[in-house]
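Chemist: Quick one: the structure is below, questions incoming.
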Amino acid sequence: MATRGFTRLCCCCLFALALLSFIMPGTLAEERFYEFVVQETAVKRLCQTNKIITVNGQFPGPTIEVNSGDTLVIRAVNMAQYNVTLHWHGLRQLRNGWADGPEFVTQCPIRPGSSYTYRYTTEGQEGTLWWHAHSSWLRATVHGALIIHPKKGLPYPFPKPAKEFPVLLAEWWRRDPISVIRQSMITGAPPNISDTILINGQPGDFLPCSSQETSIIPVVAGETNLLRIINAAMNSELFVSLAGHKMTVVAADAQYTKPFDTNVVLVGPGQTTDVLVTANAAPGRYYLAARVYASAQGVPFDNTTATAIFQYKDAPQGRPRSSGHPGRTGPAPMLPYMPANNDTNAATMFSNSIRSPGPVKVPGPVTQEVFTTIGFGLFNCRPGPFCQGPNNTRFGASMNNVSFQLPNTVSLLQAHYHHIPGVFTEDFPAFPPVIFDFTSQNVPRALWQPVKGTRLYRVKFGAVVQIVFQDTGIFATEEHPMHIHGYHFYVLATGFGNYNPRRDEAKFNMVDPPSRNTIGVPVGGWAVVRFVADNPGVWLVHCHIDAHLTGGLAMALVVEDGKAELESTVPPPLDLPICGL
């Protein structure tokens, strides 16, 4: 009798749990554990084998898949020869900057032979994000997709796709990327451009020794699939196009959008875009292609075109092509239309099409405003081997004429949390120190040299913050993908020329502005973003073109703790890496 009663009780409990999960879908969040071993791996591209830094020997790195609300526990073990940190791009890390990852901003690096466990929750976010190294130039090869599905039992806001495919875009150097940036830092010249663009780790059919490994996306006629496009490239904004098919944009930066059809997608470094593609063309093979959008005039860029193949299951078969690859049978794939590398109109048209799915409540009124220039600078120096930038200078970059310098003995978040003096100052200027014709092609040379500093900007908890990013014509205008850690923000407006509030506030989209974590500030133009400072800690703001970040195009926000119990930064974890010279 006791056994029968126990069995009946267990059945009742299981029924109750099943009923609860049916009535309240998504309530049973999980904890998911990954071990990321950062290690050196031999990889062959462009006819030569390079030793690169990878996670778990994979390039691109492992894809993380969770449901919204799940907790991620990722033990990072550094078996490489370089210091490393990992960043979970676009995750808000509420009150938990210790898991954000940028080196010497929220943590000291994980030294070779050491480990650190990142622990965070994905509550309130879903869509396509990604993870990458945030230490020197390691993210060139240390990166992967981070996909947050809806809570269990909850649907997408669009018909469920038959399949989902991450599409990771990246850059490849024949040399070690760390040696590329180290050479630049020694000589003062801009770093060398990459040798090819990659799609899912492969250059594609048009590059030497590459066609046998071209990435293939297998599809079935009539089915609709979701492509999760991620720009993991170091220094290049990229146009993406698919031959013979329309793409329907449904999300950007893990925020759902008002759907719209397009033939071309623009993604800046750090950005993600989700597109639905219905396989409704004649069964065959179609190129998915990526090439650089080069917005800066006269600046070298990687002029290769990477390809993957969108291949129908019932595509006509024929004799194998010369590569002999089993997936290379049949006619040559169709090529898509691609914009010219300097097609700013195509870039602008795509970016301006992104909107929130419906009306949103834009925060206001603004209580703290920052107007910051973003752009290049040149440091004067004595001509010689360490002064090989333009006109015998050293290349740099700045925000409001401050070229950002990282500390090297303690992280900014540790200094803030433990009240350690002398690490940073809080005098980042809220407005440019000198007002000039920002986008002129003839900015006076006296304004070309920035000042170096670790100058942060203090923000009150709960403040409504508005930031105006203004490109400058110092050396060259260029589109800058600006990323704010710890936040997503509404993009109220973008435009060309110099921002003028009396004229341009009338252009603000206060109905359905897109929500982003990285915004492409137009070449020779400006962007206005707005958010509520509800996440305490120290949060990096920077250009996601790493050549510019390395040059100093960054700053950081110090967001104060609030007064309530859940409005302050959590204590640091016990295994937080220790700093040391």
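Each Cβ is built from the backbone N, Cα and C atoms, and glycine gets one as well.
Found this in TrEMBL, in case it helps:
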- 1-29: signal peptide (SIGNAL)
- 38-152: domain 'Plastocyanin-like' (DOMAIN)
- 164-314: domain 'Plastocyanin-like' (DOMAIN)
- 428-562: domain 'Plastocyanin-like' (DOMAIN)
Chemist: Going by DSSP assignments with H, G and I as helix and E and B as strand, what are the residue counts for the domain 'Plastocyanin-like' (38-152)?
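Modeler: Going by DSSP assignments, the domain 'Plastocyanin-like' (38-152) contains 6 helix, 58 strand, 51 coil.
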Chemist: Over the domain 'Plastocyanin-like' (164-314), what does the predicted model average in pLDDT?
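Modeler: A mean pLDDT of 97 is what the predicted model shows over the domain 'Plastocyanin-like' (164-314).
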Chemist: Just give the helix, strand and coil counts over the domain 'Plastocyanin-like' (428-562), going by DSSP.
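Modeler: In the domain 'Plastocyanin-like' (428-562), the DSSP-based counts are 16 helix, 55 strand, 64 coil.
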